[in-house]
Amino acid sequence: MERPPLGPAGIVVDLAAVRANVRVLRATAGVPLIAVVKADAYGHGMVACARAAQQGGAQWLATATVEEALALRAAGLDGPVLCWLNGPGSDFAAAAAAGIDLTAHSVADLDAMAGAFAGRTTPARVQLKVDTGLSRNGAPRAAWAELFASARAGEEAGTWQVTGVWSHFACSDEPDHPANDRQEQGFREALALAEEHGLRPQLRHLANSAAAILRPSSRFDAVRCGLAVYGLDPAPGEATDIGLVPAMTVTAPLLSVKDLVPGDAVSYGQRWVAEQPTTVGLVPVGYAEGIPRNAGRPDAPDQAATVGIDGKWRPIRGTVCMDQVVVDLGGDRPSPGTEVVVLGPPGAGGPTAQDWAEACGTINYEIVTRIGGRMSRRYVDSEGAVG
Ligand SMILES: *Cc1c(COP(=O)(O)O)cnc(C)c1O
């Protein structure tokens, strides 16, 4: 029997969806959009998505690390870029030379930046992050005054210009959580204190995707959206339907089909056992591709993650392996080579990233950001031209 050619498992990212999501976010928020493209654009491909976001009207790009921001510049992306995660090796001088906005979280950060900026003839661009309730980075309230004083002194010395002051929500996906009011109030107090210290930051920003959609009072001068740019719902179950379109589709070829009889066990640990005759299919994606190892939910097989084959949802059986998963075909025999939709937008014939997140006890952010491994990534443009 001749086997059909098997295309490899792959990720398809629709750049038209990214552009459309940016447009709808801008229209919803009504303020400039900072498109967050950290972590390889949440698994969607940083440079291509950054370009698409700019085409869709994003006025700013943002990354976590200095290295990611420099990679945007190396790829030829112009325009404002912000980054915020500083480490011992962060090249502040290169970032400033590339016109990137750095974030200072402390006076120690400002001191390190002042050292790195020593040879410059023009002021660098620095934003200040205040911690209003996440206890991650950002200056804690007790350190705001000294941060602002030090930042203002550096401005007066011509070392930098303070271009922004910002903070980050802990609970924006729970709009009724009391922390949101407290954080926004704290942020307003930080802004007032910054002003008392003589700072006039042009870009005050607090909202991530969920807050940009759900909390108008938090929009200030710009919103910092990541997840929503890729079309995923940042607060499932809340009133977030603004017409976002998931940009990522993951497909794989069905490799083979086999029969099981009652008592046949599936995968490592033999944690799923057929109770009746069935057929199972082999799909070449595993935890090396970012599929969570527990996706077959051996503890609760009726909640297992699924894949789509010929428009039917096929549950994963047993433990996810490094390179492959086994799915229950319920007696059907699709031909090897049939396209398996591992995840995609609603209507693509398979589960969504949100469906995967619910099956695996995590959030859609983690599902898409981990997707990768050996899979190729291809860009399409559903409006026509390939991006
Ligand atoms: C990741 C991140 C964002 C984007 O958050 P989303 O919920 O994906 O919109 C914004 N700000 C900071 C500081 C982040 O780390």
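Each residue, glycine too, has its Cβ placed from N, Cα and C.
The active site, proton acceptor annotation in TrEMBL covers Lys38 (among others). Classification of Lys38 (active site, proton acceptor) by DSSP places it within a helix.
According to DSSP, Tyr268 (active site, proton acceptor) sits within a helical segment. The annotation active site, proton acceptor is assigned in TrEMBL to Tyr268 (among others).
In the three-state DSSP reading, Met322 (substrate binding site) counts as coil. Per TrEMBL, substrate binding site is recorded for Arg136, Met322.
Confidence annotation: the domain 'Alanine racemase C-terminal' (247-380) carries a mean pLDDT of 97 in the model. Annotation comment: TrEMBL describes 247-380 as domain 'Alanine racemase C-terminal'.
Taking Cβ-Cβ distances under 8 Å and a sequence separation of 6 or more, the neighbours of Lys38 (active site, proton acceptor) in its chain are Met46, Ala62, Thr63, Ala64, Thr65, Glu68, Gly226. For Lys38, the entry in TrEMBL reads N6-(pyridoxal phosphate)lysine.
With DSSP classes pooled into helix, strand and coil, the tally for the domain 'Alanine racemase C-terminal' (247-380) is 24 helix, 45 strand, 65 coil. Taking the Cα atom of each, Arg136 (substrate binding site) and Tyr268 (active site, proton acceptor) are about 38 angstrom apart. Tyr268 (active site, proton acceptor) and Met322 (substrate binding site) have their C-alpha atoms 11 Å apart, to the nearest angstrom.
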